[in-house]
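Per TrEMBL, the features are:
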- 229-421: domain 'Major facilitator superfamily (MFS) profile' (DOMAIN)
- 21-41: transmembrane segment (TRANSMEM)
- 61-81: transmembrane segment (TRANSMEM)
- 93-112: transmembrane segment (TRANSMEM)
- 118-138: transmembrane segment (TRANSMEM)
- 150-170: transmembrane segment (TRANSMEM)
- 182-202: transmembrane segment (TRANSMEM)
- 228-251: transmembrane segment (TRANSMEM)
- 263-282: transmembrane segment (TRANSMEM)
- 294-312: transmembrane segment (TRANSMEM)
- 318-342: transmembrane segment (TRANSMEM)
- 354-376: transmembrane segment (TRANSMEM)
- 391-412: transmembrane segment (TRANSMEM)
Amino acid sequence: MTDIEGKKIQLNEKEHNIDGGLKAWLVVGAAASIMSMSFGMCNSYGVYQTYYEEKYQHVPSNVLSIIGALQAGLTLFMALPSTIAMIYVGPQLVVAIGGLLACLSFMFLSISKTVAEIFIIQGLMFGLGSGIMYVHATGVTFQYFNKRKALAQGVITAGASLGGVYWPIGIRNLIDKVGFGWANRIIGFIYIPMVIIAVVFLRPRVKPKPKLDNENFLRLNFTVLLNLRYLMVSVAWFLFLLALFPGFFYLDLFCNRAKVDPTFQQYTVAIINACACIFRVIPGFVGDKCGRMNLLIPALLLSGIFPLAMWIPASNSAVIMAFVVLWSCATGVPIALFPPIIGQLFGGKDIPSYLSFFFVFGGLGNFLGPIIGGTFIPKGNVSNTEGFDKLAIFCGVISLGSAVLVIIVRIADTKKAFVKY
């Protein structure tokens, strides 16, 4: 096929892109449901972390955090194999398999007795199910949109944040009222209709056709890793997530030990995700006007400054609550802007390779962050906030390191401060 023919096909696809309509928005709803079940639940692990800290006081915090870290890491690590499977059997069957694993993980978690069992069930089994589902939320949706992709992506991303609001509230209240076992069984039953909705409505416009005779099929272009700009942005993404998830996992425990107002402490994880929800949707629109990287840099700087300036000296409920809200808002922006920046800077024929390795960097950050952060927290039911100052320094400094790398890339590309970039 000639270049001219290829361009004609691309133009033809754009002309027939429905860019909305009932079917398209049903797909968006299905994708939002998937995001709620995957990253929404991963973002809610802080509630489980606090519960496990109280129940398994002989187990170090960093060991317990491996459960949640494995969830978050596998959600990104599984993007590539899940995409490959989708090419052969379609997204609906793949999502059904992932949803089944997620549902079963809660059923088995309800009868788990040891940390080892929880590690396998909640960490590995749910992580695999979440990762198998996650990547298709965005991939299928974008087939239905052209000009309104930012809006569709915003709604999908909000699904993850909203899940991070209602899951922790529901889990905590259910554990208090019906116990840990039935709480997880109920969550598993709730997943069933959500999975069905996702499978029924997540219908691709264009069915993928595997080409086994294509010499480039399933191959990644490893030479993209020689691109210094790409490496710096990817490492910045890794560092940001390395500092982000310790906050998601341990702020609930910190508020518990700091004797914060009981009402606020009960909804700490939900508040974090509610604030992040707003600032994951807005940047997509603002970034299109003032430049994504111009918006990303101050957000990363604030993500590092707030832990150092507010978390370390926090001595009363008012300061702690202010920190939780401000930090959550600041960290919501990079989550929304980092992936589009990869497309902005490195779009082209190798974009699948760029994104695949980008997800690997992110998965490593998701996995390692909570484990490293947990080493600062003493095990047992300690009555004070010992160790959290070190965790705050870790989160703050690592986030600032991420900001420095992005600033270097920005200056290397253009030294003009007031230009859209």
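Each residue, glycine too, has its Cβ placed from N, Cα and C.
Where the annotation comes from TrEMBL, it is an automatic prediction and has not been curated.
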Item to complete: Quickly jot the same-chain residues contacting the transmembrane segment (21-41) by Cβ under 8 Å, restricted to those at least six beyond its ends, or write none.
Response: 71-72, 75, 95, 99, 102, 126, 130-131, 133-134, 136-138, 140-141, 144-145, 152, 155-164, 167, 191, 194-195, 197-203, 273
Discussion item. For the transmembrane segment (118-138), give me same-chain residues lying six or more residues beyond its boundaries with a C-beta closer than 8 angstroms to one of its C-beta atoms, as numbers and ranges.
Written reply: 31-32, 34-35, 37-39, 41-42, 48, 52, 66-79, 82-83, 85-86, 91, 94-95, 97-106, 108-109, 112, 153, 156, 159, 198, 202
Worksheet item: Between the transmembrane segment (228-251) and the transmembrane segment (182-202), do 3 or more CB pairs sit under 8 angstroms, pairs being 6 or more residues apart?
Response: no
Fill in: the transmembrane segment (391-412) versus listed stretches 61-81, 93-112, 228-251, 294-312, 354-376: most Cβ pairs under 8 Å
294-312
Discussion item. Applying the under-8 angstroms CB criterion, which one of 93-112, 228-251, 263-282, 294-312, 318-342 scores highest with the transmembrane segment (354-376)?
Written reply: 228-251
Discussion item. Please identify the stretch among 61-81, 93-112, 228-251, 294-312 with the greatest number of Cβ pairs below 8 Å relative to the transmembrane segment (263-282).
Written reply: 228-251
Worksheet item: Which listed stretch (61-81, 228-251, 294-312) has the most C-beta pairs under 8 A with the transmembrane segment (318-342)?
Response: 294-312
